[in-house]
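Structure, as structure tokens:
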Ligand SMILES: NC(=O)c1ccc[n+]([C@@H]2O[C@H](COP(=O)([O-])OP(=O)(O)OC[C@H]3O[C@@H](n4cnc5c(N)ncnc54)[C@H](OP(=O)(O)O)[C@@H]3O)[C@@H](O)[C@H]2O)c1
């Protein structure tokens, strides 16, 4: 078997096209969706991510406001800026680019964002709503994974999904999304992590295997069974090249579907961020 490539670039483009009429509709009602991005420090990767988010806003007709702050910014100054943005009616989404410099308390800062402007979906209020199956904003990367599966008509219901990674931004929320008794969900989930004994025993049981470990090429052909769907969330820089958590070459002949890196899950994250920003603006009209 040679796996079908899941083209995240193409799907993310489709999603952005679908958002355009919604943005136009808002603009006709004098409501331009607005996204504020806060970048603290000069981490080169973060700068690229923020630039890509700005470009996505421009292309879609979404107002984007960037706050580039020095790495010495104090916790109080940052909290004040978030207060300002929480109260700014032109801003519907607030995103603090991670990681933050060490002296800043990441939790305290993320928890300070108004949950109704939390388009990253990281606030405990939004994670709690997700857990009880009544979400407002879904975290962008997990939502991107679910959309990719849906749009490639890959059944999730009744399937065994194995997720490698339990972070609060990918593994855990994704598990919560896919376990719901809902459309594009209803799966049985196994979550693996560094405390998992005999990883292969779990990954070999997967109908859908999602790698979100941040460990380059750790998922090799021996860890999977024939016909599995493989989603690679990992983005790792190895000798100036971007590689995923999946050893593509040893997996591609055994899997039925596979996402490449780059061009798989990566582009979906920004598309879902745009979707959350548009949704947030729409919510101000409809309550
Ligand atoms: N495509 C995108 O847009 C996007 C978005 C976000 C993240 N990412 C990428 O996705 C990857 C994961 O990101 P993250 O933020 O979730 O990472 P993270 O916070 O570092 O979490 C990694 C998780 O994987 C587990 N893990 C690491 N190595 C493992 C191993 N050898 N065996 C089993 N479990 C292992 C860790 O277990 P413990 O909990 O036991 O430490 C942890 O739960 C990274 O490469 C990141 O760059 C991509």
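The backbone N, Cα and C atoms fix where each Cβ goes, glycine too.
What TrEMBL says about this protein:
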DOMAIN    6-120  domain 'Tetrahydrofolate dehydrogenase/cyclohydrolase catalytic'
DOMAIN    139-283  domain 'Tetrahydrofolate dehydrogenase/cyclohydrolase NAD(P)-binding'
BINDING   165, 166, 167, 235  NADP(+) binding site
Other CB atoms, at most 10 A from the CB of residue 235 (NADP(+) binding site): 18
Across the domain 'Tetrahydrofolate dehydrogenase/cyclohydrolase NAD(P)-binding' (139-283), average pLDDT on the 0 to 100 scale: 98
Cβ-Cβ distance under 8 Å to residue 167 (NADP(+) binding site), same chain, at least six residues away: 212
Those binding-site residues listed as 165, 166, and which of them has the most Cβ atoms within 10 Å of its own Cβ: 165
Secondary structure content of the domain 'Tetrahydrofolate dehydrogenase/cyclohydrolase NAD(P)-binding' (139-283), with strand meaning DSSP E or B: 51 helix, 28 strand, 66 coil
